[in-house]
Amino acid sequence: AEHDATPVDGAWGGWSPFGSCSRTCGGGIKIAVRECNQPVPKNGGKYCVGRRMKFRSCNSEPCSKQKKDFREEQCAAFDGRHFNINGLPPNVRWVPKYSGIQMKDRCKLFCRVAGSTAYYQLRDRVIDGTPCGPDTNDICVQGLCRQAGCDHVLNSKARRDKCGVCGGDNSSCKTVAGTFNMVRYGYNEVVRIPSGATNIDVRQHSYSGKPEDDNYLAVSNSRGDFLLNGEFVVSMFKREIKVGNAVIEYSGSDHVIERINCTDRIEEEIIVQVLSVGNLYNPDVRYSYNIPIEDKPQQFVWDAYGPWQDCSRPCQGERKRKILCSRESDRVVVSDQRCHGAARPAMVTEPCNAECEIRWHVARKSECTVPCGVGYRTLEIYCAKLSRADGKTQKVDERYCSSQRKPDDKESCHGDCNPGGWEYSSWSECSKSCGGGSRRRAAVCGKSSEAGSDESKCSQRDKLTTVQNCNEFLCPAWKTGDWSECLVTCGKGYKHRQTWCQFAEDRLDDRFCDSMSKPESVQTCQQQDCASWQVGPWGQCTTSCGPGYQMRAVKCVVGSYGSVMDDTECNAATRPTDTQDCEMTQCPISHPVPPGTKVPSHLPHKTQWRFGSWTQCSATCGKGTRMRYVSCRDNQGGVAEDSACSHLAKPPAREVCSVVACGQWKVLEWTSCSVSCGQGKTTRQVVCVNFSDQIVEVVECDADDRPATEQECAMSQCPAARSSDSRPLPSPSGGPRNNLPTTADGRGGGRAQAHQWRTGPWGACSSTCAGGFQRRVVVCQDENGYAVNNCEEHSKPIEQRSCESGPCPQWVYGNWGECTKPCGGGIKTRLVACQRPNGERFNDLSCEILDKPPDREQCNTQSCPSNPHWSTDPWSSCSSACGKGSKNRKVSCVTRSGRPVPEDNCKHLTQPSKERSCRGRRCPKWKAESWGECSASCGNGIQEREVFCEVGNRRSPEETECPPSSRPASSQTCRVTDCPSPYRWSKGEWQSCSKSCGSGHRRRAVLCMDQTGEEVHEMFCVDQRRPDDSESCNTHVCEFIWITGDWTECSASCGQGYHRRLVSCSEVHAGNDNYEYGHQSLSNCPGTPPESYMPCSQSPCPPTHEWRVGVWGPCSVSCGGGVMERTVQCVSTEGQGSDSCPSDTKPEASKVCSSPACELHNSCHLPTSCSDVQSLSGVQPDGEQFLNVQGKALKVYCAGMQTDRPQEYLTLTTGEGENYSEVFGFRLIDPTQCPANGTRREDCECRRDYTAAGLSTFTRVRLDLSKMHIITIDWQFAFTRDGHRVPFATAGDCYSAARCPQGRFSINLSGTGFQLAEETKWISQGNYAVADIHKSQDGSRVTGMCGGYCGKCTPSSGSYLLITVA
């Protein structure tokens, strides 16, 4: 029967050792791998989950400055290899390509042809450890960019400080800053920035707020060569200039603030200059840079007057100034570690937020629980911030009131038992829906059903409030998102942002917010000028008759000066063609034989001259010669004697040639201006020099390239008249002199053989994406380059081929925004972007510009009402007859004819106010006298006062003039003291404090009791103050001190010994004279603990003699009973032989021995492996077995005895406590230190963030008995207590770079019958790595402390340890 095979899930095998480092310096990568092969997944089982590779940094020390950039080395390795790319010379030189590479491709090897803009991908990934780019510390690993620090270590957070120091604290440099505003025509030196400077920032602020202000920044080197904006030619757009390995960024002159900046360290002096031309306005240059401090001791001091920190409390708090460590010379703030030796000053404090106070606030009270008699009511209480200035209260978190006792939220009340009391209507709607309003209700005395209402029958003091605050929360408000990027990458465009109406955390419909105050959601934006293609004139046709082709220059330019850009800045799809077919005239057809071909005089002659391409000209300038091979060939193409072609004229094999003129133009200094004011001329001498800088004849230089010898100049304005044209061009030639020469013939090589097909270069691809095509010219020519038509058609090269570059980007667009006008033709816009289907964004020129969907269109084109304006009605009468009131009027938008139209039509006009304040006569108001005495001496009583109506300053006899609803109460309840109550609060004993110091808490029971002492509900005691049931205790600050005991007697009665004493950290209790030894953590006590050991010297010991024994020899038999022997010798303390030892204490020199294997098996034939045990005894449970190891019977643990591959393990009899491996997890904040002489302290200034940390302990280790190895990377009987698994016999850390190892390992093979081989060694790996290894004499025990920054130690043999039988 067939059975389905059971699926077997895969499991990872062990990690391989780390391989070799990918770099020798500058931060390389080592890789370890593991395979999914223990077991391999079978029968549809799952593959392993997790990483197959792991990486580690190596060789992170910086490379020497003479060494090439690592990416440059990788490109240079391809020098001389042209990959059969058309047009590349055989000696091609490759350099790295950085700019224009997409982020996702930064770890591919793109190289550029030196001296050209053409670049190619030469490898699909760079070597591991290569920086991702020139502007980042991150490095490439397996083709992916991964985070790294400036220390070239993976996942490091190290960054350069302002001084350029990796991981520095800004203390090794100082800032130099200054300004320059002198004006003089031409170049003016601003500042010399020395070699070694970093963080250079130079800014020229325009005088007018416009980019063109006739002052331009320039940079030269100390030799006078201009690096930027020299020769009166100014770059308008952004540029990068390389000075050694540093990159200086220039903003371009077309900015209001023209800027030069550089974060790198420059290795040579540069001179910043300002070029002043035109109207000679004063420049405004501000510069700053950092320079290293001389190597002299720096003084660092504490500064107690740092910035103020936040107030400790929202009211009645205290704020403190931050104490900073600063450099004394220039007060630059540095790391606090620099000031550790100095005493820290006292903290500077001051009161803050004193204008308010925090307290419990009673917001409102409920109605009494009973309408008649004694009841209670609840109070709404919250913690409030009370402003002393305006008396307003603001609700705050209750934790701010935690130090105050919260009032009871219940109080007793007395309901009036008179049935004819006040009755109340329902509350009105709130006067405002948000922002704080009020609501009202009516109060009627007597039953509402009864006719009439006499208020005198009801008590005013029992009348509840009829006005109440409501809806005090904030109103909805407009919120805005961030502006989008400009919708165009060049020229003028629009940017968008979202606007919405928000209330608390919710978005509401726009109608809930004020439409008049809605923020704008569309704004115009201006980008740099768009780049476009510029074409030159067509060159000459390649033939004088018949079909040929001609070429022209095609450049990508930008701006009014036509600055030439990289072709990638323009849309490749719209690039004009640079070649076209041409035909001057048809070639004469009267001669059947093309000119230049000799007609054979005898038919038997079937030979002709063939020739190759011309060599390069022998001279690089001036006149030289060039050669080609010429040979006589028969009609089969074979070489014939020259005499066989004697009937034909032999073509020349050598001719004169000229590449370029030998001279080059050199310009001398401009003369001073021909006038002292206004517009004049200045001249200069132009000479022709050779390459040795000697003046030669003018004919040696190219006359077309001769520089101008005169130009206009502008001095200060003449007093009599003002020049209308006061802004000459900065450049004598009117712009950058970089027009490219027009090429007439773009073909390479010389002429072809007679009657051969000739091809021109491939044109640009018709499409940069999807399927395009490219063309070239293919013509048939004779030996003199004339067009003929008798070439073999079947060998004609192709004229057109397809080209492909991935899917084309398409136009995508969003929804239309709101219209900018309600009528009269507004504008609405939307986002239109050019992107590929995967979302990759391109600039607009990469999509077909003619198909671009509109990103703006007109809207609300209906005409607006003619001349709308605001119309106002007369003001109403004042809303109040006395005191403050308001007047209202109607304001509406109407046309000239008076017809009302929507208010949006008048939005452009200022709207008249609809409301204004007004004041009537002084209002009558109630006045109240002081309260009289309480009618009851205890319990509830009544007290009264006189209340009258005051009009102006007189007392009105009638109360009708004052509003009765606001009349103050003339009587109220009062309570002088509590009458003896049958109920009382009972307090229990305080419990012990939760802390002995540092502010603890203690509690007690508080109960409400009746007269008999029985507990009753708390509401019966509500009219009495409830005692506190908790309070703070032991609020004094905890103090810890070191306590030392007395020294013990010397441990030795003679010679060297030591004293001991008890050292502990104890907590000090106020008022206690005696300290008890506590068990506090040692980290609580300040400073280093006192010594607990002290050496002591006694008188020299008298010479002693003792028996010294050797190790037992082997048993005399390998099985059964035998004898073992050892040496026994009497020696003195000096190691000399002696006869003075007592014979009664002499150890035995021999003893009987027997093999336990014999006792177990009665046989000397023990198995040699766990597989042998399995084959001899069948399947057994896992457990200890005696095996024959190199002739000795040793105990070995057999695991996996139920499988077909049992494995041997050695049980470590000394246990986990002496067999462990640790990678320490703490890292010092200052890794240059080794605190506490290398001992571990819990209070070290560390952070626990070393990702490789771990601690593994071992009860058994895997054996390979065939090779006598312990396999260190088997964790079956290991326990990882913290972090990652650590191999056996391995330790490390990333704690300190000052030889301060903290990682530990321990091996103890005692009692196992095995020991480590003598040749076993450990090696250190990593940065600043150090290992301290101690081996016992017999090889059974090894301990080690290893580490570095970061470092570790491992066995030199890799993942195994060599062992021998003990």
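Even glycines carry a Cβ here, placed using N, Cα and C.
TrEMBL labels come from automatic prediction, so no person has curated them.
Model, not experiment: these values are computed from the prediction.
The annotation compositional bias 'Low complexity' is assigned in TrEMBL to 719-737. Under the heading disulfide bond, TrEMBL lists Cys21-Cys58, Cys25-Cys63, Cys36-Cys48. Feature annotation from TrEMBL assigns domain 'GON' to 1166-1366. Here TrEMBL flags 716-756 as region 'Disordered'.
All features noted in TrEMBL, drawn onto the structure.
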| residue | record | contacts (Cβ under 8 Å, 6+ apart) |
| --- | --- | --- |
| Cys21 | disulfide bond | Gly28, Ile29, Lys30, Cys58, Asn59 |
| Cys25 | disulfide bond | Asn59, Glu61, Pro62, Cys63, Ser64, Lys67 |
| Cys36 | disulfide bond | Gly10, Ala11, Trp12, Gly13, Tyr47, Cys48, Arg52 |
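In terms of local Cβ density within 10 Å, Cys58 ranks first among the disulfide-bonded residues Cys48, Cys58, Cys63. This prediction places the mean pLDDT of the domain 'GON' (1166-1366) at 89.
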